[in-house]
Amino acid sequence: MAAIIDGKKISQEIKDELKGKVSALREKGIEVTLAVIQVGNDPASSVYVGNKKKACEYIGIRSLAYELSEETTQEELLKLVEELNNREDVNGILVQLPLPAHIQEEYIIKAITPIKDVDGFHPFNVGALSIGQKGFVSCTPAGVIELLKRSGISINGKECVIVGRSNIVGKPMGLLLLRENGTVTICHSKTKDLKEVTKRADILVVALGKPKFITKEFIKEGAVLVDVGIHRGEDNKLCGDVDFDDVIDKVSAITPVPGGVGPMTIAMLMHNCVESVRM
Ligand code: GUN
């Protein structure tokens, strides 16, 4: 029987731990504060931003919401980021992506001071991760590590295969699994024989953005499967990059969609916000 890795339950545990830390900080006169900037009103972004605000409220983190119009210029956004960089009462800054096409994400990400970059997207933090130094780590891959650890799944010495090489998930996921002494392979759209590689995995992390792409032919008997994808299917149900029903009898453990990796991303963002006080 495959174990279903319960991201909802584990993220709840993390949020409850953080709630205690935040209230202890408040007793010392420190109010943990996150500034969240959204440019335009992309519906998916609005849902994500709303969920982040809700999590802040639950934990007791003060959140400052900046809802800017689609027409905001790059200069205006940079000016706001600079203002927040300089505010002593703001610990974390998050600019929700994607940004409108006329704004270059790269410049905005670089403008956030690394010590407030709770998303872990700034090249300084990415570089720190790659050489094993302290810094903010991208929330989704950090959440995957936490899910595995809290489910009692050891990474040490395991064959870890990642499908997808994005800056936000695939690449930092590789670095984190390596930090935990996994043997890491990252696959992508140009990988020659994908199945041959994924079948080697003891731990397979899938983040390629194609609904139900990974079927039982891609996996080894007893593998641990982590599904980072999320899609709305034709039947209006949410599904991941993994065909859950197809693989369930072959895996030893799997994250469901929804209720797997998704809630962990927000829990790790909250974790980073609390850490930001120390930066
Ligand atoms: N858009 C999709 N995922 C993310 C995320 O983790 N952080 C930010 N800032 N934007 C996103």
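Including glycine, each Cβ sits where the backbone N, Cα and C put it.
A TrEMBL annotation is a machine prediction, not a hand-curated record.
TrEMBL lists Gly164, Arg165, Ser166, Ile230 with the feature NADP(+) binding site. Long-range Cβ neighbours of Ser166 (NADP(+) binding site) (same chain, at least 6 residues apart, Cβ-Cβ under 8 Å): Ala207.
Sorting the domain 'Tetrahydrofolate dehydrogenase/cyclohydrolase catalytic' (5-119) by DSSP state (H, G, I as helix; E, B as strand; all else coil) yields 61 helix, 18 strand, 36 coil. If you look up TrEMBL, you'll see 5-119 marked as domain 'Tetrahydrofolate dehydrogenase/cyclohydrolase catalytic'.
Per TrEMBL, domain 'Tetrahydrofolate dehydrogenase/cyclohydrolase NAD(P)-binding' is recorded for 138-277.
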Local backbone state of Ile230 (NADP(+) binding site), from DSSP in three classes: coil
Max pairwise CA distance, angstrom, over record-listed NADP(+) binders Gly164, Arg165, Ser166, Ile230: 16
For Arg165 (NADP(+) binding site), the number of other Cβ atoms found within 10 Å of its own Cβ: 18
